[in-house]
Every structure is written in C-alpha cells, then in structure tokens.
Amino acid sequence: MEDEEGPEYGKPDFVLLDQVTMEDFMRNLQLRFEKGRIYTYIGEVLVSVNPYQELPLYGPEAIARYQGRELYERPPHLYAVANAAYKAMKHRSRDTCIVISGESGAGKTEASKHIMQYIAAVTNPSQRAEVERVKDVLLKSTCVLEAFGNARTNRNHNSSRFGKYMDINFDFKGDPIGGHIHSYLLEKSRVLKQHVGERNFHAFYQLLRGSEDKQLHELHLERNPAVYNFTHQGAGLNMTVHSALDSDEQSHQAVTEAMRVIGFSPEEVESVHRILAAILHLGNIEFVETEEGGLQKEGLAVAEEALVDHVAELTATPRDLVLRSLLARTVASGGRELIEKGHTAAEASYARDACAKAVYQRLFEWVVNRINSVMEPRGRDPRRDGKDTVIGVLDIYGFEVFPVNSFEQFCINYCNEKLQQLFIQLILKQEQEEYEREGITWQSVEYFNNATIVDLVERPHRGILAVLDEACSSAGTITDRIFLQTLDMHHRHHLHYTSRQLCPTDKTMEFGRDFRIKHYAGDVTYSVEGFIDKNRDFLFQDFKRLLYNSTDPTLRAMWPDGQQDITEVTKRPLTAGTLFKNSMVALVENLASKEPFYVRCIKPNEDKVAGKLDENHCRHQVAYLGLLENVRVRRAGFASRQPYSRFLLRYKMTCEYTWPNHLLGSDKAAVSALLEQHGLQGDVAFGHSKLFIRSPRTLVTLEQSRARLIPIIVLLLQKAWRGTLARWRCRRLRAIYTIMRWFRRHKVRAHLAELQRRFQAARQPPLYGRDLVWPLPPAVLQPFQDTCHALFCRWRARQLVKNIPPSDMPQIKAKVAAMGALQGLRQDWGCRRAWARDYLSSATDNPTASSLFAQRLKTLQDKDGFGAVLFSSHVRKVNRFHKIRNRALLLTDQHLYKLDPDRQYRVMRAVPLEAVTGLSVTSGGDQLVVLHARGQDDLVVCLHRSRPPLDNRVGELVGVLAAHCQGEGRTLEVRVSDCIPLSHRGVRRLISVEPRPEQPEPDFRCARGSFTLLWPSR
C-alpha cells in the first residue's frame, strides 16, 4: 500500500495517525478527498466519502489488482473489503456480511453496486452456465429494484426509499449459486405526495418518458408527468446526478431489458406497466357531491368517469365494481348481514389514496419475490454438495432529517439506531469486554452507547412503538395529539426525549404536534400527524376482493388475502411499526451471526457538488458514526483473535513441534512454540483461551508459510489415502475372486450334472443324441459349452460313420467336401446316389470305348506316373473361337486332362492339378462346370453322355476335387452362380443356362461376348 500511496496523500489508515484527535482525523480526511482518495481504512473498517463524480477507480483492471490480495497490500478500496469478505467466506467457510451505513446521499447504493460487481467478476472461473445465470440476476436485480424502490430527494438524487439486505449463496468452490433479497419498509406514502424538489419513484417517470407512443396510447397515458397528481411535483426534475448517469428514457429500456434477463415473462412486464398506469389514473380521480342516486351513493360521484374506465381496463376488473369500491364500502354486521356504507368525499379520497399506496407496495413486494424465485438455489443437497456459505450485503436507508419528519423517518432512524447499536456491540463493547475477560492488558476507550435510545423506541409496553400500537388498537377515537400526550406522560424524564409540552420554551417545536428524539446522529423533530394512520396501514376489504378477482394473473397473485369471505372475522393484523421492529430484530440477529465487514459512508456536502467537503457537516457524521472511537479501539486492540485450538488446527503444519499433533502440556504452550519458531511472539498476546494477534502482517506471514506446505501435505495425504484405497480395493478383489472361484465351481458342477442327466441316453442308436436340447450355460461357461458341443459332434459323427465299410470312406469324404464347398447353394448335387468317379472306364457309361480308354489310361499312367483317377466323364465343351466339341475329362491326382474321344482319347490338353484354383457351377440341375486354372484359359464344359441320361454328376466332380485339395492342405474356391464369368485369353465373358423342354441334348449357343448352355428341361 505504501508503494502506491506516498505521504502527499495522507495516511491510508486512520490508525496510523500520529495523534487521535478530531482535528487530525478531519485534516487527513480532507487531504485524501482533495487528492481523489475517497477511501480510507480504520483497521478493517472502510471509510468512504461520496465524490459526486465518476472516478477512474473501478473496472476489470482495478478488480485484477485487488483480487486475492490482503487489505494492506493495496490502497484502500471497496474491492479490498469485498475481497476480504469473499476470502473469509471461501477459505474459512464463514458466513460474512458487508454492512454499508451512512446518511442519505452518502453513496451507500453505489458502494453496494461496486461490491456486487467485484463478486461477480472474481467468481465462476470455469464459466458454468448456471453460475453465470445467477450472476446476471444478481447484477440486473439492482437496476430493477432501483427503478421501483428509489426516488430523488432533496438530499440524494437516487435515494433508496426502502431497505435492502441481500444474501448471496456460494458453493464450496466459492461460486455464487443463488441469493435472496429482503426488503424493509418501502416509503409508500411517496406515491401520493412528495416534498418540493423531490420526485415520486423512478418507475413512474421512466414509464412516461421511456415508453413508445403506441404503448402510452394503450395505457391511456400522456408523456408529460405534470398531467398526473402523483407525479406533477417532480415533473420538471430528472433522476440524473450528473451527465454520466442515464436519463429516464434510457433507464426505462435498461430496466425492461434487466427484467427480461432476470426471467420476467413479456406478459409479466406488461402487467407491471399496466399496474403503474392504473396507479397514475387512480391518483387523478376526484370526487364531487351530487344529488343523484344509483351507484353514486348519498350524492357522491366521480368527476371524470373515463378514469374509472381506464383503471378497470388496466386492472382487468369490472367497471361497476371499481366504481362501487371507490364510492362505498361493504360492512358485515353482527348478524353476518352485509351493509353497504357510502363514503363522503373525504373518505373516498382517503380510500383512493390507501388503495394506490397498497397497490404499489404489493407490486414492489411481488417484484422482489419474483427476483427471489429466480435466484433461489436449485436442487441443493448439503449431504451431496456440502455446506453453502453466504455473503450478506446490507444497503439500507441512511439517517434522515427533513424539515418535516413523519412516521417513515422515525422508522428509518430507528433502523439506523439498531445498526449503530450492533456496530457498538461488535466493534467497541464486545471487543473491550473480551479483552477484560481474557486478561489482556489494554487502554479502555470511552464511547457513547445508544442502547437507551433503542430502548426508548422498542421497549415493551412503554416504548414509542408499543404506545403507538396501543393507540391504534383502542376502541375509542384516539387522535395523534392524544398519542403525543401519552408519550409525554411515559417519557417526560427520559434524557433523549422531549416535546413542546415538556419544554415550553423551545419554539422550534409546535405544541400538540411535535416531539424530539436525541439520536446518536443528532436531534430529530418528528410530527405525529399521520402516525396512527400510517401505523394502522388500513385498506378496505372491498379493494382486496376487487383486485383478487382480477383476470390479470400477475395482479391477482399480489392479493391472496382478497379471497377470504366478506363475512369472515379475521385477527387484527400486526401494525406497520411492529412488523418493521420485528424485521429489524431479525436483521440484527442475522448480521450478528456473521463475520461483519463495515463500510462507513460520509456525505461531503449538502449541495451534492463534486470536489467540495464541508468540514462541519463531515465532522458531525464522524462524531455520530463513532469513527474516532473506532480508531482508538483499533490502536489499542488487536487485528485478530482465535481460540488456541482453532489456531493450531490451521497453522500446526508450519511447526515441527506441533505437526501432526503436539506433545506439549497445553494448546497454549503449543501455540507459543509455533510462534517462537516463526519469530512472531512479540506481535501477539496470550489470553486465557484465545490468542490475540496485533498486526495483520503476522497472519499473512503464517498464511504464506501454510500455503507453501499445503501442497506437500496434500500429496502426503493423497498418497496415504490412495494407498488405503488400493489396499481396500485389493482386499475386496481378493474376496470377489474367491467368491467367483467357488461360485464358478458350483456352476460348473451343476452344469456338468445337468449335462450328464440329459445325455444319459445319447449312446442309443440311431439318433445318438441328435434330439437332445443343450442346457443354457452361464456366460462364464460358454467357451466350455462350445468345446463340449464340438466334442459331442465329433463323437456323434464317429458313431455314425464307424459302421461304414472302409471302401466307402473316400466317397463319404468327397460328399462331405462337396456339401461344404457348395454350402447349400445348389439344388441337387447327387448326394443320394453312389459315386463311381471313373465313368469312362465303366462299361455301363462307355460300352463301346471303355477298353480303348483303359489302354489310353495305362499309357498316361506310365508316362506321368499319377497314382489314382479322381474323376472321368464325357463332356461337351466350347472354346474361345465359339467351337463346340465332344471331349472327355480326366481328373487324376496330378493332372487335369482334356481328351478327344473320337481320336482314341488322345490328350488335347493337360493342366497340372496344382494349377487348378477353383471351379464355378450354377444353382440348378444342369451339368455346366467352369474350371479355373492359374495362367490358363478357363475350361467350359457340360458333363455329357451319362447313364442314365442327364445324371447329376457336378456335385461328384466338386466333391472329389475339393477333398483332394483339402488333403494337400490348400483351398479350392467354389462359386455358385447362375451367370458365371470366365476368361479366355484375358477377355471377360459370361455364360448362363437356358432350360428348353424341346432340347434333345445339351448344347452351347454362342453370341458376341457370351455363351448360353441350352439344357433340356424335364
């Protein structure tokens, strides 16, 4: 921090002042303000002065400078406080809150915006879509709530007219997962009337000035706010503080877009605009006395009934009911009889105003609840997702003193008294009491305790709110003057209360109207006029029923209490003051349960002028905020305190005497040894149960040592844990394998027993178990089952063939080979007849030339030395020249011969059998065979001149050739096709079969590029 801010900028922390006096404090504050340094620390409390101008202190670059840094490492800034709260939440799993306080116009709302922007910028590094959605809603909600809850006042151009406390929920990684907004005491009386120089809520002016002409026409509105009673006071004013802020026209578009991003449907946005327009029209309704009857009860009428039409249309309610609700009210008598009582003009005006205030309040509450419904964390389970942590941001109205202060200012200032009391308890009172309790020597600091002022307001039975509630609940006529007299009677001796009756010489107060409270921030005179009425916050049930019965679902949802029966007797509702007191008590309890961070905002001048600091005005704020006392406590106190056990739990790994567990006499002794090893014992004090650390630098030193050791410890723990997991896994696997082994044994035994039972009769001929159904094996036994099935098939085949004579085995093997080669693609392949193989040597097939063939066969055997004849038959062949000849085919174990039967079976062609690579046949009953040989033309033949005629011998040729190839260990390629491709001298041709009934014997027909076998069909 000192590197970036030199002495010319003053002290960045008021604790560093040489002398703690008001003069030194103000001198340092003014110097820093003049140098553009609007932020200054008091320890961890940030003092912020509103500059009333844009300063280059914000944005992504500034966020990067403060992200992850300690408070003292950078100049004072809102980002530093936001970062400290975020780190405390993320690293220590502590719920934290940032309390932003100060009077109206001190810059609290802007401070809360910058805090939200910082949190949104530093979270969700992994860009999760759900987290981005939540961040967008958090940021956009501020824009929407400002439109409906902020207004221009004489002290602030963008004053929050409601209190806001926002909880932001974070997951264990520190990413926002949701949030919740609590609103407090909307100043709904502003809807009706504003002081000179002030405006109504921004939403009305944004609607009138930012809507398109078409939308204004549909809403029956004019663009000029001066036309409407509720907005004419501020019609000539704008919401802008200076030229950098958006105008009403631009803000309307920004708010509409923000509502869309948050999740408001187009219908809901339209309903909101209609409700705002209805309120404006309602404010223009005037009542006049007439002599007519009918709906205009007792001579009361609406001056301009077109306004009633507009209100009825915009609220989606019947016109007659709207008019009746304005002119009269329904009362249930004791006998549950309904009586309609007409209003006077004054009563009707009161009812109209009460309705307008209530509708706007319900609209604001609905907007807040709608935003909350979008922001609520979804699907969170602490057992699965871990504990959520929270950062709360409190932006609530500041202390207010107006020329005329009413019930709203009384509640606002009571709220500030409660927050000041919390600040005193947490920062001043509790701190000093803890030092005394722990036996820490220090210099006591005197401070003003405002508990007596809080007690004056909220004390049961005698407090101002209790007296006000009693006045509201009394059966008789109790006026505001009587209420004031009761206050005077109860508090005439109270040091912080006075009135004109108690102090007749004080002519600044009006007799019978004013009382004064000496607040911690100064004296405020309150006018009791309207106190009872505003506290009752009464609205006739007729309006509630009217709006509940609206056909607009958005408006209807705002009035659930309108559904109760008109004759139903209900409990008296809590008053506005009591509700506000209860909400303040709950808020303070909520804040007290969190680790607080404070931003104390100071308003530099009443003129809202940049660069001007009114010393007297600021001195007064410094005094009532207790900042000087805070400096004294901070200088005399300690930056941090922790129980010894918690301190050891976090830092014990930084000392050899305390890691992993110490053996010293007590935690206090262990902490002392740890600090002594680091050389930090001079900056701490030892209490009875806690360690008090004076400087934040000591904590940072310990945190840095811890951060260096954490990766090593994590690796050690990971190694140990992974080893444990591996051992657990190993033991489980061993147990699993043992169970699997025994289970498999059981399943194998059971399966084998079942197989044995089923196959007891498998040896019985002639089926040998062919009809037996195999049991379904377990998956693990499937390979075993497959092996058993293969063995069974081999055994059964053996049983079937063992009785076949050895002489028939070659024929059986050939048939098996043919069946495998043809794969069932040929209709008939002669498996049912006996295969003779050598048909040319048979006198039956070759009666005239069998002896001649035998001589030729002997000659070839002597010449080529083959061992056996595999197949022989007469064939009819066609060659590449389209010549058709009768030939003989001889297949031996070494050669394939083509013989000429007309020339004593002379050899026309001899092909080595090893060159034959395959053959092609058709799927029909014809005898066409195409033999394929390596490096030779394909041989196209048709088996011919068989006995009986047209006997099917193709399967026999395929079988003997395939069986021989299997015996040699090579594969014969057999193709079955009705259109067979063949090759002659490299020319591709096709051959097909054409059955002909009139064909006497097989023959070939040649065409260009193809052949056709003409086959006699039987």
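FYI, residue positions are counted from 1 along the chain as it appears here.
Just so it is clear, glycine is given a Cβ too, placed from its N, Cα and C backbone atoms.
Swiss-Prot lists Gly102, Glu103, Ser104, Gly105, Ala106, Gly107, Lys108, Thr109 with the feature ATP binding site, giving similarity to another entry as the kind of evidence. The annotation domain 'TH1' is assigned in Swiss-Prot to 824-1017. Positions annotated as N-acetylmethionine by Swiss-Prot, on the basis of a large-scale study or a structure entry: Met1. The region 'Actin-binding' annotation in Swiss-Prot covers 584-606 and rests on sequence analysis.
Across the range of the region 'Actin-binding' (584-606), the DSSP-based residue counts are 9 helix, 8 strand, 6 coil. Neighbour count (other Cβ atoms within 10 Å of the Cβ, all protein chains): 24 for Glu103 (ATP binding site). Thr109 (ATP binding site) falls within a helical segment according to DSSP. Other than Gly102, Glu103, Ser104, Gly105, Ala106, Gly107, Lys108, Thr109, the residues of this chain whose Cβ falls within 8 Å of the Cβ centroid of the ATP site are, in sequence order, Asn50, Asn156, Gly398, Cys601, Lys603. Non-local neighbourhood of Ala106 (ATP binding site): Ser48, Asn50, Gly398, Cys601, Ile602, Lys603, Gln621, each in the same chain, at least six residues away, with C-beta under 8 Å from its C-beta. Summarising model confidence by region, the domain 'TH1' (824-1017) averages a pLDDT of 89. Spatially close to Gly105 (ATP binding site) yet at least six residues away along the chain are Asn50, Thr153, Arg155, Asn156, Ser159, Gly398, Lys603, Lys608, judged by Cβ distances under 8 angstroms. Annotation note: Gly102 (ATP binding site) sits in a coil segment as assigned by DSSP. In sequence order, Ser48, Val49, Asn50, Cys601, Lys603 are the residues near Gly107 (ATP binding site), counting only same-chain partners six or more apart with C-beta under 8 A. Here the Cβ of Lys108 (ATP binding site) has 28 other Cβ atoms within 10 Å, regardless of which shown protein chain they belong to. Within the same chain, residues at least 6 positions away in sequence whose Cβ sits under 8 Å from that of Thr109 (ATP binding site) are Glu146, Asn150, Asn158, Ser160, Asp395. Its Cβ taken as reference, Gly102 (ATP binding site) is surrounded by 24 other Cβ atoms within 10 Å in the chains shown. Within the same chain, the residues at least 6 positions away from Ser104 (ATP binding site) whose Cβ sits under 8 Å from its Cβ are Thr153, Arg155, Asn156, Ser159, Tyr397, Gly398, Phe399, Glu400, Lys603, listed in sequence order.
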